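Per Swiss-Prot, the features are:
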- 39-58: region 'Disordered' (REGION)
- 48-58: compositional bias 'Low complexity' (COMPBIAS)
- 61-139: domain 'RRM 1' (DOMAIN)
- 149-226: domain 'RRM 2' (DOMAIN)
- 242-320: domain 'RRM 3' (DOMAIN)
- 346-470: domain 'RRM 4' (DOMAIN)
- 376-429: region 'Disordered' (REGION)
- 389-425: compositional bias 'Basic and acidic residues' (COMPBIAS)
- 596-663: region 'Disordered' (REGION)
- 600-612: compositional bias 'Gly residues' (COMPBIAS)
- 645-663: compositional bias 'Low complexity' (COMPBIAS)
- 664-741: domain 'PABC' (DOMAIN)
- 740-762: region 'Disordered' (REGION)
- 753-762: compositional bias 'Basic and acidic residues' (COMPBIAS)
Amino acid sequence: MAAPSNTAAVDQLTSDLANANMNGGEKTTVNTNVGASFTGEEIDTAGPTPSSAAPHPQASASLYVGELDPSVTEAMLFELFSQIGSVASIRVCRDAVTRRSLGYAYVNYNTTADGEKALEELNYTLIKGRPCRIMWSQRDPALRKTGQGNVFIKNLDVAIDNKALHDTFAAFGNILSCKVAQDENGNSKGYGFVHYETDEAASQAIKHVNGMLLNEKKVYVGHHIPKKDRQSKFDEMKANFTNIYVKNINPEVTDDEFRTLFEKYGDVTSSSLARDQETGKSRGFGFVNFTSHEDASKAVQELNEKEFHGQNLYVGRAQKKHEREEELRKSYEAARQEKASKYQGVNLYIKNLDDEVDDEKLRQLFSEFGPITSAKVMRDSITEPGEEGESKEGEESEKNKENKPEEKEGDDSKPEEKEGEDSKSKSKLGKSKGFGFVCFANPDDATKAVAEMNQRMVNNKPLYVALAQRKDVRKNQLEQSIQARNQLRMQQAAAAAGMPQQYMQAPVFYGPGSQPGFMPPAGGRGMPYPQGGMPMQPGRPGQFPAGFAAQQGGRGAMPQGIPPMYGLPGQFPPQGPFPQPNNPQFLAAMQQIQQSALAGGRGGPAGRGPMQGGVPVPGMPGGAGLPGFPPNARQQGPGAGRGAAAGRAPAGAPAGARGAGAPEGLQGQLAAVADNPGQQKQILGEAIFPKIQAIHPELAGKITGMLLEMDNTELVALVENDGALRSKVDEALAVYDDYVRQQGDGEGAQAPSKEEKTEEKA
């Protein structure tokens, strides 16, 4: 809408704001209830929110939708935004590894008029209980980060939300973005931002609203200062401080005595002793403000550590809360890094321990490799019958004592153990959790222990011995492993289906400008991704090409480049009709395929990769399957890779000529790649997986991974001997069940995610 330009309108608004109550009127919302159900109910637009006109440099039909609940999907947004007009594409931006929503999306309309209408009628609409924030998408990061026309407002009442703030400031000019800062619980932090299209509008808003009352609170309105500029000013203030903080003050000291102590160093503008509100007693600290920095600095130098009324004072520059928190964070991080480096390479994590192994037995097992500083077997905490009357402090102390080594697993810290535990303490030990820690004095001894003790049988159980790692390191490794396996499965599925090489492109396309994240437009059927030198079809000005996941700058996330047909390898030859990726129903189906690919692990039905049937793709004739695929191509498991494809024979071939799992065919394949042990391992896995799947289908993938740690010659023998294979499968199941039980006990403080449970290697 056009901004009022006449002075009378602005003056009238100013007078209205003088005693405005932001809760006085009925709050206008568009109650769609999209998150609860897809009823297609008509949107209530009785009181549309004033919005800005489209940016002047170019017409745009692309909208940025922020403040979304993590569970909001493309289908939910399509249900809402399609009521305004024809939607070209919708993309919810997600994390590249976890595929979790980042809380914002992009909606592309076919016409700019529909985009303007959506911005006018749907801004601050409740989606799954949270008001969304809509603005025009700005692809140029330089324009987003200039800060021109950006206004900062503080001392806002907690009842003022995004819409109320927008309504208040919309009269001064076109608003590009409006936001009230919120905490993790959705409560207002008391400040917000309004981004105008022009500096003139921002100046008008500051002139007329700064110092006015909103909900009986006087607000401050000023130009937004970038963080780097604020930091430089803050550093200057720190160097020229006048306010000092004093602590360790005797409670008997009066205000006059406190002020007199500092007045001899210069002119004091104010002094204050902190007192308890109920009793009025001094809390032992206070503040003194001088007129000049030199006087304040002199007082700090001469009074710090000086005795006053029998107590040594602490006198220093007064710090803001965020400064103190930052210093504490840095000191904690430094201590943690020092602790981690101290035990780097010497602390071992041992699991799959027998219940009979105690601390002493664990020490004896590893003592042959060098001096041991500590050895600890983790155990459950127990409560003796006669301990019910113990104090709460005692119970918490015992709990902390038992949990301390468990935290060590995540923090790579040294297990604590007192030497020479008495018999009474031993009698109170709980059941072993099946894992423990051994800390050596020398890294070389620890390395030798890992090499010698890993997989050694102790009480008929193979030990797992490795260097202890912090929790965040293990999590990063697991995420990288999951991503690599999912990519490998997609490539294997494409190869098994006979997909030509030119159709198996990387998921991110780099355009002529070498800028990552640009996706090619939806081409004709059978058209592969453009290669170097091929021009991309220009899109509508201001609108993202279909399948391009735009990234709003400065949000701390990597570019989200997902091809239009993510979950399917490349684009397919023209062997039948195929749905266009712009179709929102197709986007919803592709999202299901993505989730199936990420949720499926080495075992379980979901682990069969994105090519598995069961997820219907809209637009396919009769759900018959993917064009150009053999009828059974989508039903193959993870083993259906290159080796399985090589083992298939034409339909008319004799039965004996088929089956990649036959020993003769297997030996031939192994001989062909004799110089590549990794490829041999892959062939053996493809051959052994169907046999294991017939024995135990639910954990076939996980058991296959466990058995692949064996030597290749042993694996060949297992392929040829079903009895030996079944025996090994039973052993692997026993080890896995024991591992699951130990993990449930040892890491119960934080249950692993579904991906971790499925993908973690036993």
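Cβ atoms are placed via backbone N, Cα and C, with glycine included.
Each residue in the domain 'PABC' (664-741) gets a DSSP state, and the totals come to 65 helix, 0 strand, 13 coil. Secondary structure of the domain 'RRM 3' (242-320), assigned with DSSP and counted as helix (H, G, I), strand (E, B) and coil, comes to 20 helix, 30 strand, 29 coil. Mean model confidence for the domain 'RRM 4' (346-470) is a pLDDT of 73. Each residue of the domain 'RRM 2' (149-226) gets a DSSP state, and the totals for helix, strand and coil are 22 helix, 30 strand, 26 coil. Broken down with DSSP, the domain 'RRM 1' (61-139) shows 19 helix, 30 strand, 30 coil.
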